[in-house]
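Feature annotations, courtesy of TrEMBL:
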type     : residues  : note
TRANSMEM : A:27-44   : transmembrane segment
TRANSMEM : A:51-70   : transmembrane segment
TRANSMEM : A:76-97   : transmembrane segment
TRANSMEM : A:104-125 : transmembrane segment
TRANSMEM : A:154-174 : transmembrane segment
TRANSMEM : A:201-229 : transmembrane segment
TRANSMEM : A:241-266 : transmembrane segment
TRANSMEM : A:278-300 : transmembrane segment
């Protein structure tokens, strides 16, 4: 079922921009935030809410900018791979501390660390460009330099490919012993320890994975926008990722991407038809999902699929 | 002489001035099936907590197969070969019964697998065999949260057995199990323990169960071992009747 949803989503996202070219950029940014929301969703499976994952989103984005500036690397795939590695390392360092905490303490500590990084990015002007941020040039694709428009056309399909690959890998992880143990953390940590399983080890591996996903999202956003700014680490961005994950649902990896697309469409329509009150529209939509779709938007498809399966 | 599988020396711990273990000395030989009895609040569960690392003793040591395990985490102690079944069954509520057992099997074989599925043929076969052993094969697909208490108790024991421990500690294995099912459960359990060569220590309040199945009884009172020996002799002891059996 999750693979079918992923395939349908990927086909939709792949075909639409061919007809409407300006959608390319919107889709790239939407998928980028879907990656970060997927990272949040990984931790939500253990019942942990991170309100600080914009930290890794920014780490991924700035890793690309720094790598370009410091080493002159321009290859898209090298930049993305480096961003994932750097975000994973950041996740390992921060996560080693975070996995000791639960519930509100986990959420608030993530928020605190992300705000420290936001402040550092804003204040270290000489290094990060401060609030002006850093420019990200258009990368090369396997040695070929393309103009921004042509690059974005290809980049969209690269991003869709990554989205499908990440979705499949995360789904395999969810079904693996480690992934099932992650879900078991929420229901019975004591029993897990009494099975000889390190709960902190399970959580740390999930934290690193979630940081890598958020970092990949940040790198994609930075490359697509051509600019990285400290606001990428700001707490409202983290809140946005949580919102996307909850809207989409965490039962499968497609959920956060569905949430990201839904929110983007809703935001576009709401700002077009109710410019003054679009935040209210988004808030009402979230409340409706929380009250009537506890499994998120993904849950609608999953429920239909289960019903058909039962018949 | 074979060294004891579990040896406890001068174990002490108190909670708010009340001693739960007060200089406890104890040895359990491999293959024994020992019952711990005593009034509520005597420190029986605390003793299991001390042996499995959930609580650290103030003084004293716990030796498992000759090696000191005092102060180790429950995880480290479990990995050394001691498994535990709880008074209140500790299961994974979001998973089915078979998934619970498969998770325990994965824990034994190595949980660090991130791409191979938990739900695989080898675990399914072994998991179903284990559930059949404890008489739960028909409930394999049911969510554990929907099982009656007696079955949850058995499921909790099945998780401990899935680890293939050398020592199994059980806290009131028959509580919550119906009167007619108690003996079937204990009979099955005894058979599994004998077949697998597992030494067991169990806390129990039902004296008939103790009399029927325990090879040795340990009487616990106010953090101390009041008496120890064969069930017939211990349960006939005046002090035991007065302080423990009468209080049950």
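Note: Cβ is positioned from N, Cα and C throughout, glycine not excepted.
It should be emphasised that the depicted structure is a prediction, and the values quoted were computed from it without experimental measurement.
When the stretches A:27-44, A:76-97, A:104-125, A:154-174, A:241-266 are ranked by Cβ pairs under 8 Å to the transmembrane segment (A:278-300), first place goes to A:241-266. Counting C-beta pairs under 8 angstroms (sequence separation of 6 or more), the transmembrane segment (A:104-125) reaches the transmembrane segment (A:51-70) with 3 or more such pairs.
A contact between the transmembrane segment (A:51-70) and the transmembrane segment (A:154-174) is absent, since fewer than 3 of their C-beta pairs, 6 or more residues apart, lie under 8 Å.
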